[in-house]
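Annotated features, as they stand in TrEMBL:
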BINDING   10, 11, 12, 13, 14, 15, 16, 17, 120, 121, 122, 123  GTP 1 binding site
BINDING   21, 24  Mg(2+) binding site
BINDING   35, 36, 37, 38, 39  GTP 2 binding site
TRANSMEM  275-296  transmembrane segment
TRANSMEM  326-354  transmembrane segment
TRANSMEM  375-397  transmembrane segment
TRANSMEM  409-435  transmembrane segment
TRANSMEM  447-472  transmembrane segment
TRANSMEM  504-524  transmembrane segment
TRANSMEM  643-665  transmembrane segment
TRANSMEM  677-698  transmembrane segment
């Protein structure tokens, strides 16, 4: 069987990924390119004894990158030793702006990469009033042109057949400007390159990441001696190519506009209106939040019930002992702690995928750019910030498409301030403890308090962005250059695949962290030193001889937790948290919630001998609230959960770093421990200071 490597290359919004999905069906996998966090999408198909390994490269307008994603294109096509260098590049364009896609095709061919040209969305050629002389265009591009429609699969069979055909010879090379010919020849000889154009690329690219430091030093010396600025060479090439294309394409491509408003124009009058646009966007946000919290609730309950049943079965089938305890007490709850968030993550990405597929997401970016720019962010930051209300992990991952390095870093650093769904159980319990259940002007004090917590998350994110914007210096000023795609009905296959990939990414990336921490916390909470831990049952029984079996079991669990390694750790950090009004029991809650925020409620229910508590169950929640209200802080002699302590805890959780999963994903996305530790230290320090001030002001 013959093997072929096929690269799909194209501008954003040309239907490249739709084409990839239709070609590969579900025979694809998502990972990262070596050394970077850029998503790599690969698939394979078999036809007529041939196997094609297809890679969907990030969308790019030229081979000169403006974002982390786009860097991969030249890094691969400019280096024939790269593992992903293709046997054939399929350059994809669409009717709206063929000239731009043709320019990209010419650059790919000039690099010496065999290539063919595809016009996708062929149904729009007529609807957009486009006339193409295909024969002349094929002669000009020196390749056969394939017309496809990824939505209907039209033209795909013919395209796949072309994968095994040799690309036609290409002679329309970019003519190197005469004033640069000598330095281009010098680079060509120094680096033993095959073509003048590749040497030109070495001079005009901002970075040649696949060359050694020694070679890069030589290249820098050559550039300095010739007084070259890479950006000027890029602009020179773009001007030269566009001038030729304008002249050549005049007789090949023509547009017959009737002057009537398109449907997209009519819709945009409302959706990007300076007033109604924001109202509609706010309404969509409310719908998303409602869906994430309401639609996911029964699914999350089903997940919890399923794992509860699995836990019971495992305990009943396994013999008593360490294996049964670790499976029932750590492994199954650890997996449940991951799986329970899948409904929320899937619903969130369902909406985001629909917004992207229809073309509305570009409008959201446009609307929000003017409001986020003063904070050092861009309109593209709105997607991670919105996603952060569900979970910071996929939200931070979605910052990859922000081209400007500074704006991308700022977005990653401030997104964890947004109030994620895992904080909600903590807020529900603490607000019920310290905020009276009364109303003002028909609004509940407790509902207003919950609203304030969400607002504090936004204030924390934007306020931190302002501060970090002053500290982090940009290499260059950024501008939002955005193409507004035409509105389309979503391709549901693309939506399903995208939701599946993002959800699976969450399960793998965040899941293994949550699982590992769950095991560690279980071990720390299940074992302990000394006789008190060893003889916990006898000691508790002696003090409470008449207690019923269930209450006795809960009391023993609480006593063992107090004298476990986790309890000892809580006692060790008590001097640190005491200035905030917390005791060692709250310290244990803080430590355990570092695995995942919602663990706090479960830990406190164990500390107070209540067993498992579901905060959505009014009876169980009231039982926990009653026990916490009766708790006395041994350090102060005051109620442990008074107004000062409760507000202090709320503020601490509002501003503190969310969880281990967030730290792990920040490290992966920034590829830097420096920024990960700065973010964690800054958020923890801010949370501590705000909680300290609130406690001492209110006590």
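Backbone N, Cα and C atoms are what each Cβ position is placed from, and that goes for glycine too.
Note that this is a predicted model, so its numbers are computed, not measured.
Summary for the binding-site residues 21, 24, 120: the Cβ-based neighbour count within 10 Å is maximal at 120. The C-beta environment of residue 14 (GTP 1 binding site), restricted to residues of the same chain at least 6 apart in sequence and closer than 8 Å, consists of 59, 92, 93, 94, 101, 120, 121. Cα separation, residue 12 (GTP 1 binding site) to residue 24 (Mg(2+) binding site), rounded: 20 Å. Each of the binding-site residues 16, 122 was ranked by the number of other C-beta atoms within 10 Å, and first place falls to 16. Pairwise Cα distances among 10, 11, 12, 13, 14, 15, 16, 17, 120, 121, 122, 123, which the record gives as the binders of GTP 1, peak at 19 Å.
Across the structure, residue 10 (GTP 1 binding site) and residue 24 (Mg(2+) binding site) place their CA atoms 17 angstrom apart. If you look at the transmembrane segment (375-397) against the transmembrane segment (275-296), you find at least three C-beta pairs under 8 angstroms, all six or more positions apart, and that counts as contact. Same-chain residues lying 6 or more positions outside the transmembrane segment (326-354) and placing a CB less than 8 Å from one of its CB atoms are 287-288, 291-293, 295-296, 299-300, 303-304, 307, 310-311, 314-315, 318, 361, 383, 386-387, 390-391, 394, 398, 421-422, 490, 494-495, 498-499, 502-503, 506-507, 510-511, 514-515, 518-519, 522-523, 526, 595-596, 599.
With respect to their backbone Cα atoms, residue 122 (GTP 1 binding site) and residue 21 (Mg(2+) binding site) stand 18 Å from each other. Counting other CB atoms no more than 10 Å from each candidate's CB, the binding-site residues 10, 12 peak at 10. For the pair residue 16 (GTP 1 binding site) and residue 24 (Mg(2+) binding site), the Cα-Cα distance reads 12 Å.
Within the same chain, residues 343-344, 347-348, 351, 355, 363-364, 367, 386, 389-390, 421, 424 sit at least 6 positions outside the transmembrane segment (275-296) and bring their C-beta atoms closer than 8 Å to a C-beta of that stretch.
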